[in-house]
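Q: Take this structure first; my questions come after.
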Amino acid sequence: MSGNGTRIQTYEDFVKVHGLLLAASGLPRSLHYKLFEKLTSETFDGGAYFQVEPCEEGRQRRLVLTADSMPEVSSVFLVDHAWTFRLSDAYKQLQEVPGLAQRMASLMCVDIDLNSDAEDGEGVSQENNSKLNAMDVINKEVNDAKAKGCDNVRWLELEELDIDDDMLLSLDLSAKFPDLLALSLCGNKLGSAEIVVQEVTKFKNLRALWLNNNPVLKNCDSHMEDAILQRCSRLEIYNSHFTSNFGEWALGFCGGVYDKDNLGCVNQGDFQLQNVTSLDLSNRCIHALVNKAFSPVELLSLSHLNIRGNPLEQNSVHELLEVLMGFPCLQSLEVDIPGSLGSSAIEIVESLPNLTLLNGVDASKILETGKNVIDSILQPRLPEWAANEPLADRVLNAMWLYIMTYRLADEEKIDETSVWYVMDELGSALRHSDEPNFRVAPFLFMPEGKLESAVSYSILWPIRDVHNGDECTRDFLYGIGEDKQRSARLTAYFHTPQSYFIQEYEKFYQKLQLKNIASLPMKSSSTRRLYCSDGRPLCVYTDIPQVEEFLTRPEFVITNEPKDADIIWTSLQVDDEMKKATGITDQQYVNQFPFEACLVMKHHLADTVQKAYGSPKWLQPTYNLETHLSPLIGDYSIRKRDGMNNLWILKPWNMARTIDTTVTDNLSAIIRLMETGPKICQKYIEHPALFQGKKFDLRYIVLVRSMKPLEIFIADTFWVRLANNQYTLDKHSLFEYETHFTVMNYRGRLNHKNTPDFVREFEQEHQVKWLDIHERVKGMIRSVYEAAALVHPEMHSPTSRAMYGVDVMLDSSFQPKLLEVTYCPDCTRACKYDTVSISGEGEIIRGQDFFNYVFGCLFLDETAHVSPL
């Protein structure tokens, strides 16, 4: 972005100032002038071409073209931003900005009560009238049968009639209807398994029995079902599920052949299945599909088959594919992937060459795109909320289905935190399509020619010909293909096949379980003291003020010339480019190791530990979202299914000071936050050890002399970092930095706590011995560096000596958890405060000597105020 301050008066000015933005937006050049005209005149004319309509029973909106037609790339429209915010400010703004929560709730369709339908007050509720109602239904069924010339009622629906156990006995149904084929008692008050079994098993020809939504199903075990199936030997459908005895009748029922008006022949097949073209067997709890009735001979005309949601574990993939290959007309198949036909859509299509559609997707497109998991009938994620839930809370939950993001930048720097925004009602009504007819892009208009004057809009233009009445759509994941986990990322907006992601998690977890390297042996020191042959002090070049100020030992002297130094101690990366620019050689000692990124970048740290140990207890479950989004979704799904805590923390790969770090239990939020940069997602420690009710973590200083053999030391100086607020898991607190984060050097109020005071008070509060905790922490830190030494032997360098910050949290059982490893940590606090050694003899450690003993350990083979690990 240019900051030349040119006021936009002509189209040439506009292009000069906004050239990069125009290119980044993707707007075709032919529409640039139209955009200039609309921006300078503030023309919002979308209302003349589009209309917003409710859909999904009022829980979503869609955008429809009302103009006669709109050719591809024929116009561009301005879309206003209804809400622009930083994530940390979202809750506060919804509370404080007048009308904002109401507008957002309306725009996101969460301003209505889900169960607002009033109870029907006209129903008869007296218990003594229930029998009468049931008898009314029975009499009507008898009369209807007689009118059709039938002596017997064979299909009886007695649903939601408040029938209880006593009434079921008094109705004596088996005496009235001995030839019953189908009986539905759904939604009644039956509670006794003994009475239900006694009554329903009197029907010897029963093919279908529905007891759904009766208390008896909650109160009994499998004995009732076993008893019914044993005594009703012809039963094919029980509570909407197929029994193991299913055959022609059950298939005919699902194929629309057999119903109340066409019950079929009781005793023998009548070949009506041969006319079935579409068969929906989804969610029927079918364990074995292949039988005499389900065959190409019986279902000769079958062209569409849905077998989703069935275990089918009694048939092998080969058996199922073999029988499906025999259906001559089968062109469309819906099946779980992964599932009974395997885990690859490509393999299914290749095995069934006559298929034209698999899960609604063209078979040729599946082969062309190479997608193994496909599902075109994904149901949209619709936010859920309680009737008494405040609008602000509803919006915070629903907004991840609507918000979009950008990050501001000028010639000098990029903003550390992203801006999120919600398009106005028109823009927010654009729903997703893999084949959209419109495209949307954010655009910053700078009327004064500089960033300070910028106004943010979105721009909307057609990328296909659109006609009157067509729904207008955009691709929510524009530019994101399968190489960037497109199918998994759709989970932010749709209910994707959960079984696939659970399977991916199980594979990921099993792979971790196979890892567990042995510890490296402790070896005596092999590094030697540095000294100059002529007896002069060692020259140190540094760009760190504390080193320059506090490194006061006579063995060292500060130099301003990197090429003259024996030791380079810098906060910058010493790469080939820097060496060339400064004259640094490979013979000089530097305070960094090759490929130390395997420790100091969060995704590499997790990868290093996982490659070495799998999933040690001291590392929370951690996923690199750029590569392992699918197993993360699987882990989240299992936790949700099992009612476990599902709070996660997202951390950028390589940002310090908790910048762009978020705590959330919203899966859509986790996935959408990938848009603000690469991140790891880590299970949040929801039950940390607390100090006087507040969260804290510990910063340890680790000194590394050598990676091969491993020579590491932990400084006796460590410090505690305290949150400012009392810890809580209240969902509103997740937006409060000073509740969930502990680094207050840069944000919030820094309350320094002297380490000896903290240790003494912590021991008193929790009745623990700190030295026990300290030993566990030391063991964990040793393991971290062992992992790096074994997984990345390329870290070894004889001219490297380094200091790292290792951040540790304790859980409520006082077990250490690794948070992160920091290169060249900020040691302001270590230099500022005197402290007492916790693990030594209690001697005073003067803050101003901190770098004296750090350099003494690393370069002079000393061990004052450090402990070997």
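Glycine is treated like the rest: Cβ placed from N, Cα and C.
Keep in mind the model is a prediction, meaning the values are calculated, not measured.
Sequence annotations record features per position, and here TrEMBL assigns domain 'Tubulin--tyrosine ligase-like protein 12 SET-like' to 71-115, 389-493.
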Q: For a three-state summary based on DSSP, what are the helix, strand and coil counts in the domain 'Tubulin--tyrosine ligase-like protein 12 SET-like' (389-493)?
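A: Tallying H, G and I as helix, E and B as strand, the rest coil: 28 helix, 34 strand, 43 coil.
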Q: Which residues, given as numbers and ranges, are at least 6 beyond the ends of the domain 'Tubulin--tyrosine ligase-like protein 12 SET-like' (71-115) yet have a Cβ under 8 Å from it?
A: 27-28, 30-31, 34-35, 38-39, 42-46, 49, 54, 58-61, 383-385, 387, 390-392, 394-399, 401-402, 417-428, 440, 456-465, 662, 732, 735, 737
Q: Summarise the model's confidence over the domain 'Tubulin--tyrosine ligase-like protein 12 SET-like' (389-493) as a mean pLDDT value.
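A: Across the domain 'Tubulin--tyrosine ligase-like protein 12 SET-like' (389-493), the average pLDDT comes out at 90.
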Q: Please work out the helix, strand and coil residue numbers for the domain 'Tubulin--tyrosine ligase-like protein 12 SET-like' (71-115) from the DSSP assignment.
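A: Taking the domain 'Tubulin--tyrosine ligase-like protein 12 SET-like' (71-115) as a whole: 18 helix, 8 strand, 19 coil.
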